[in-house]
Amino acid sequence: MRIILLGAPGAGKGTQAQFIKENYGIPQISTGDMLRAAVSAGTELGLKAKALMDNGQLVTDELVIALVKERIKQDDCRNGFLLDGFPRTIPQADAMKEAGINVDFVLEFAVPDEIIVERIVGRRVHAPSGRVYHIKFNPPKVENRDDVTGEELTTRKDDQEETVRKRLIEYHSQTAPLVSYYQNEAKAGNAQYHKIDGTQKVSEINAELKNILG
């Protein structure tokens, strides 16, 4: 079972990735984690990636594909894998296909931009403990104070509205075209494509995923 999750930042992919991992016993492959692991292990690919990053350059698609190929040969991927944060662009999706990395399911989590902004901008964190609140959906007992310590809550830089809207613009220009790409792949019989309403309750999305994945 090889799965790709699509959806804007804040669409709930992380929560559902956790659910899929726990229920289907397949690893989540994050390209960011994979790059960091390769760099710290000093592998040939890791050294190439480090050289690019040290020069302030982006890691090439070829290098990421090579890392993905290497990663999915590992034992824990024999029943499948869940790709997180990759592919992000059509050239990456094409390169993946050319490298013989096939997928069974592409799951798109659709959430309107305004709801995503509300979800992310309303987050408040207690940095020392990692506890996360939301001013509307999961408020602290005392406004802007951590429930346990009473310390002040903060907003992460990534959760500020301007940053969120920039990330959404980037998503719509780069990653959203993958929706039609994978819909065409599904029509050609190369994968199953499912669009999921990401505004539903977590339990409802879980039930829908069980229905799709079996």
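Quick reminder: no glycine exception, Cβ is built from N, Cα and C everywhere.
The feature ATP binding site is assigned by Swiss-Prot to Gly10, Ala11, Gly12, Lys13, Gly14, Thr15, Arg123, Val132, Tyr133, Gln200, with sequence analysis given as support. Look at Swiss-Prot and you will find Thr31, Arg36, Gln57, Leu58, Val59, Gly85, Phe86, Pro87, Arg88, Gln92, Arg156, Arg167 tagged as AMP binding site, backed by sequence analysis. Sequence annotations record features per position, and here Swiss-Prot assigns region 'NMP' to 30-59 based on sequence analysis. According to Swiss-Prot, the region 'LID' annotation covers 122-159.
Annotated features taken from Swiss-Prot, shown on the structure.
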{"residue": "Gly10", "record": "ATP binding site", "DSSP (3 states)": "coil"}
{"residue": "Thr31", "record": "AMP binding site", "DSSP (3 states)": "helix"}
{"residue": "Gln57", "record": "AMP binding site", "DSSP (3 states)": "coil"}
{"residue": "Phe86", "record": "AMP binding site", "DSSP (3 states)": "coil"}
{"residue": "Arg123", "record": "ATP binding site", "DSSP (3 states)": "strand"}
{"residue": "Tyr133", "record": "ATP binding site", "DSSP (3 states)": "strand"}
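With a cut-off of 8 Å between Cβ atoms, none of the residues of this chain six or more beyond the region 'LID' (122-159) come close. Each of the binding-site residues Gly10, Gly12, Gly14 was scored by the other Cβ atoms within 10 Å of its Cβ; the lowest score goes to Gly14. The binding-site residues listed here are Thr31, Gln57; among them, Thr31 has the most other Cβ atoms within 10 Å of its own Cβ. Considering only the binding-site residues Gly10, Gly12, Gly14, the residue whose Cα is spatially closest to the Cα of Phe86 (AMP binding site) is Gly14. Nearest neighbour of Arg123 (ATP binding site) by Cα distance, taken over the binding-site residues Thr31, Gln57, Val59: Thr31. Among Gly10, Ala11, Gly12, Lys13, Gly14, Thr15, Arg123, Val132, Tyr133, Gln200, the residues given in the record as binding ATP, the maximal Cα to Cα distance rounds to 20 Å.
Note on proximity: of the binding-site residues Gly10, Gly12, Gly14, Tyr133, the one nearest Arg156 (AMP binding site) is Tyr133, by Cα distance. Distance between Cα atoms for Gly14 (ATP binding site) and Thr31 (AMP binding site): 14 Å, as a whole number. Cβ packing within 10 Å was compared across the binding-site residues Phe86, Arg88, Tyr133, Arg156, and the lowest neighbour count falls to Arg156.
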